[in-house]
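Each remark here refers to the structure printed beneath this line.
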Amino acid sequence: MRCAVIFVAGAAVTALAPPPRSFVRRRVVVCSSSSSSSSSSNKEGEVEWIPFGLLMSAQLVLYTGVGAVIPAIPLYASAIGLSSASSGVVIAAPAAAMVAVSRVAGRAADAGRKRPMMWGMGLIAVADYGTAVAGDFATLGASRVLLGIGRSVSEAGERGMLADMANRVPALRGRALAAQQTIAALGIAIGARVGGVVTEEFGIRANFLCVSVAALCALALYAPLPETAPKVVATINSDDRVWPRLLGDDRWRALCACECGVRFGFAAKIASVPLLAARLYDGSPAAAGLVLSIAAISGLVAAPVGGLLIDRAGARATALGSGLVAGLALVLVPTACGAGGSDAFTALVALWSAAVAVQGPALTAIAQLLAGADDDVATTLALPRAFADATYVVAPFLLGLIADAYAKEVPGLDCAFAGLATLLGASALLVLGDSLSRANGLARPPPSRDNDAAASSRRR
């Protein structure tokens, strides 16, 4: 099984890898007559409802499976005798793989969105099956690494396709991104509750099979999607130039810092919240699923509100305000746990979930607006995600160390640490607020002289 997992991972990376640098010179966009007519029929400002609906349907199915496995991950690690810190390593393994292949995945998605989406989803199905049947730590580790590769490849294509769709209707960008967040929250709300029941009825391993089935269903829904990326015959040297250039920009550094802070909160959701919920609710795995379901429902309700805030108040203001609320909610978790208040704990987790459901689309909107409609949009959008994934490599381990050291004295201290990191990340948007507000697209760009002249002539 371990050899099969490694073989599949190697084959996928080889198939998706772009041409060697020596053969990479320039990007040439090929516009056939059919693509021209298609572009004329899909004018800017028109919503492509059928592809968008298929994409959202696939996301709903996938996140239902993901929701089923969330309560099982730390419990699975505990069941096989791993400490909280070791459990953090298992949780972080996919993120490490995502960081390793993020640039390759971005370049592959720049050449075409659909192919990486389908390849990645297939790898996810294989990886979670490998996790379910793993008989030793090596096979488990290889399966989790393969999961990270699949997620990185698939999500790069999904980010690119969603950006292509949002760029067609800029006025609805926030609501379109909020729709994705709502779908994800709905899927997790359904899956988390089902996952707790599945764990009690069939054992922890069965939860991972739920993800494999969901990934295969999502793969089938991706099949009829149209390709939204421009046709190319070559790719540019984006891997050498794009990321260093972006990291020289204060706006991108602020965005990356905020993404890093957010990732600590998600690490706490996976590594800490289920264990705290089980402790407060007398050790019931179903209780952990219930807490996560309530949190997902709060995110489901908050996400559409976040979309409206993005379109009305702006992406930066929305990301900043929701980030401060999310961080504060996690900081207060030890207070609720110390008093033994399961209801207060659940309310704080729900508040955090609602805040990040608002913040997530706002951060994505900032990234899309900064990236614009360049040929390297998928590679560009992969940068903040790479920083987030790199943080996720160490965050579960750090939270696990805190939990191991202080779980008895100060339960929930690991969540408070994650909340502090979230607050620091959000503060990056505050410190660099002026430069972010001047970003092209984050505020209406000042008209050029030519546009001023044209507007004056029209008024005359």
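Glycine is no exception: its Cβ is also placed from the backbone N, Cα and C atoms.
Annotated features, as they stand in TrEMBL:
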type	residues	note
TRANSMEM	50-73	transmembrane segment
DOMAIN	51-439	domain 'Major facilitator superfamily (MFS) profile'
TRANSMEM	85-105	transmembrane segment
TRANSMEM	117-142	transmembrane segment
TRANSMEM	206-225	transmembrane segment
TRANSMEM	286-310	transmembrane segment
TRANSMEM	317-341	transmembrane segment
TRANSMEM	347-370	transmembrane segment
TRANSMEM	382-403	transmembrane segment
TRANSMEM	415-432	transmembrane segment
REGION	440-460	region 'Disordered'
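By the Cβ criterion (under 8 Å, sequence separation of 6 or more), the transmembrane segment (317-341) is in contact with the transmembrane segment (415-432), since 3+ such pairs are found. Just going by CB pairs under 8 A, the stretch in 50-73, 117-142, 206-225, 347-370, 382-403 that sits most against the transmembrane segment (415-432) is 382-403. Confidence in the domain 'Major facilitator superfamily (MFS) profile' (51-439), given as mean pLDDT, stands at 84.
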